[in-house]
Amino acid sequence: MENKNNVTEFILHGLTQDKAVAKVLFSLFLVFYATIILGNLLIISTIKTSEQLNSPMYFFLSYLSFVDISYSTVTAPKLIYDLLVEEKTISFVGCIAQLFVGHFFGCTEIFLLSVMAYDRCIAICKPLHYTNIVNRSVSGWLVALSWLGGFVHSLVQTLLTIQLPFCGPNEIDHYFCDVHPLLKLACADTYIIAVTVAANSGVISLSCFVVLVVSYAVILVSLRTRSSKGRLKALYTCSSHITVVVLFFGPCIFIYMRPSTTFSADKMISVFYTIITPMLNPLIYTLRNEEVKNAMKKLWNRKV
């Protein structure tokens, strides 16, 4: 790596160069990050301590909250710090580490959301067999495979990027290290690697999207035979998950399912899946879920 690279650090442009705007964004994102940590920790502690929330759905939700905390921590603290400093730098090793960990948790979240869609499909379409099909052992394996899938994806993305020579310039027009901005700085022809990177991300995004679409299509078809009350209850249960999927998958597909090009809007769109969605997940899952709200009330009363 040292023989191929003259670059020892990268300069990040961040979200804005305007000092007044940066101060406002600092306060805003500090509140956002605190909300992410506290909200998702509350979800995890509520699920772990409540005897009522012992179904696979809440098992998956607790891991989703953990991934949300981890994923936002990869970028948010650095972003918040950089909003107050003149020179926003990150070492070469730190940049590659941020790339690896960010893709690891991001891809793991994509797999977890797909697993949760499958879980809802079985729960609604085969309620009598649900506990046998999605038992504790199966749930554990699905979570483990999600982690493994995220690791393999991240490893491929990182190995493809780290082999490239970087000899300058070293300025990244982003607030964190990602594949497309780094490919743009490489001192070599990156066409084949860019296609491979897009294919890697595209296959995962497309396959998970197909799982999501098929799961909800099966749910909608099965609801035709239910009463209006049963249909409303099932749709209400799924609406939280659909909201999260739209907020997370939409920006991810726009960023990663395309050739290796960068747009000025990429930074703001990336904010959605790195900060906004992890912040909204606890609100979406609690405000629309009576079981979680009741469990939180019991946990609060117990502590008081």
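Including glycine, each Cβ sits where the backbone N, Cα and C put it.
Note that the structure is predicted; figures quoted are calculated from it, not measured.
As annotated by TrEMBL, transmembrane segment applies to 20-44, 56-76, 96-118, 138-156, 191-222, 234-256, 268-287. Marked as domain 'G-protein coupled receptors family 1 profile' by TrEMBL: 39-285.
When Cβ-Cβ distances below 8 Å are used as the criterion, the transmembrane segment (234-256) is approached by residues 106, 109-110, 113, 116-117, 120, 123-124, 180, 198, 201-202, 205, 208-209, 212, 216, 219, 223, 226, 266, 269-270, 272-273, 276-277, 280-281, 284-285, 288-289 of the same chain, each at least six residues removed from its ends. If you look at the transmembrane segment (268-287), the same-chain residues 6 or more away from its ends with a CB under 8 A from one of its CBs are 15, 29, 32-33, 35-36, 39-40, 42-43, 61, 64-65, 68-69, 71-72, 74-76, 79, 102, 106, 174-176, 178, 240, 243-244, 247-248, 250-252, 254-255, 293, 296. Count of Cβ pairs under 8 Å against the transmembrane segment (56-76): among 96-118, 138-156, 191-222, the largest is for 96-118.
Listed by sequence, the residues of this chain that lie at least six past the ends of the transmembrane segment (138-156) yet keep a Cβ under 8 A from its Cβ atoms are 56, 59-60, 63, 100-112, 115, 118-119, 200-201, 204.
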